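Taking it in order: structure first as structure tokens, then the write-up.
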Amino acid sequence: MKVKSPLEVYNYLPRTNCGECGFDTCMSFAAHILDRSVTPLDCKPLVRDAEKDPKVKKKLEELLELTAPEIAEVVIGVGENAVKIGGEEVLHRHELTFFNPTGFFYDVWDTMDDKALEERCDRVVSYKKFYVGNFLTLDGFAVRCTSGDPKRYREVVKKVASYGKPLILVALDSECMKAALEEVADQRPLMYAATEGNWKEFLKLALEYKVPVTLRAKDLDLLKSMAVTFKQAGVKDIVLDPVTEPLGEGLKGTFERVIQLRRTAIAGQDKDVAYPIMITPIAAWLIEGDDVTKSYWEAVIASIFIVKYGDVMIFRSIDQHVVMPTITLRFNIYTDPRTPVQVEPGLRAINDPGPDDPVFITTNFALTYYTVESDLTSGGIKGWLLVLNTEGLGVEVSVAGGQFTASKVKELIEETKIEEKVNHRYLVIPGLAARLQGAIEDETGWKVLVGPMDSGRIKGWLEKNWPPKE
């Protein structure tokens, strides 16, 4: 994004403070454009005026260019399942944040029998993992043409498309690619891949069907040349594949090419290579060894490039030892460091508690909250859980930083009216907040019990300490 201050954006806006965008002032709207929560197209008066006045239209186009991300954003698929890739602004997450999580696509191929194809598609579509308040899912399918038969490939693509997930069409033969596009072009699949040998045919297909296309070349000069050619021909949605090699010097070379592409695009301001990057961890299946070894290296490759600039990936393995670590890593890398993951503060009733059941307190840091809530629920423990607003910080950090205090605990007790729900005045605090025991007792008038350091030990702790002895 070329603009750095809200005032620069403000000068392009109507400056009427009409509020149609949902913000009180145009300056506030300008600030939210900078943090990417809205776009200039959300300014309705500006868009309406641009349709009538060529000068305003030019002004809007200039603003869109100025506020465009450093790396082009490409959309794969349509509707609510569409996957956005690219759109990044910085080389390092701590400089701002990373915006669009890496797209995870899993391969199927057109020589699979129908039953195996359906089973594999069902596994991908049904995968769901609950993690700190979010359900993590897989993004789509990469349909590989291994038969060389355009008719068969089209049939399989149609069947896979019926699952409603975004598609990557993996075929080097232009006839097979054309057959698939005739079937699913309206679903905006990503073409994979235009190479030195087929780029002319793929360029025609990208223009004809108006779908995004991947350019593949190990030589970065060639890759850039292809990108320039496609851009000048009118193709806007481009993905770059610098070729993923799975081991040793090959993997080192892949890493260096990816770093060079992204640094050139952002630090070097070279728009000719400022596109999302494709990584293919599936390349690990080309190495020698058993399936466990191959899938292990697939997870290793994916992990490297989730951290370093991989915007979209193609996988083979859908085993838990590959999916769980990579999808969890993706979530954590693409969590906004400016805003800790947190839950709403307040009172939670766990396992239908009664007036004589214990009252616990924890912070609203999502990882802490869901760990405690899960341990209480799975342990069959009936209790009341107070969730304190610590601005998304964990127990030890918030105690040290002043977000977890006796006065805030008192306010929470009063706001939730927990005193009306229980017959006792005992509060169980986390072991890491033990230093606050006396202060909370003085502030609230409640008797404070110091619980275990680990919420997984609450059940055993209660057996010894609840009900409390007077």
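Every residue gets a Cβ built from N, Cα and C, even glycine.
Within the same chain, residues at least 6 positions away in sequence whose Cβ sits under 8 Å from that of Cys18 ([4Fe-4S] cluster binding site) are Pro45. Positions annotated as [4Fe-4S] cluster binding site by Swiss-Prot, on the basis of sequence analysis: Cys18, Cys21, Cys26, Cys43.
Look at Swiss-Prot and you will find 1-62 tagged as domain '4Fe-4S'.
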Using the centroid of the Cβ atoms of Cys18, Cys21, Cys26, Cys43 as reference, list every other same-chain residue with Cβ within 8 Å of it (recorded [4Fe-4S] cluster site), in sequence order. Leu13, Pro14, Thr16, Asn17, Gly19, Glu20, Phe23, Phe29, Lys44, Pro45, Leu46
Report, as a single number, how many Cβ atoms besides its own are within 10 Å of the Cβ of Cys21 ([4Fe-4S] cluster binding site). 19
The domain '4Fe-4S' (1-62) - residue tally per DSSP class, helix then strand then coil: 35 helix, 0 strand, 27 coil
So what sits near Cys43 ([4Fe-4S] cluster binding site) in its own chain, CB-to-CB under 8 Å and at least six residues off in sequence? Leu13, Pro14, Glu20, Cys21, Phe29
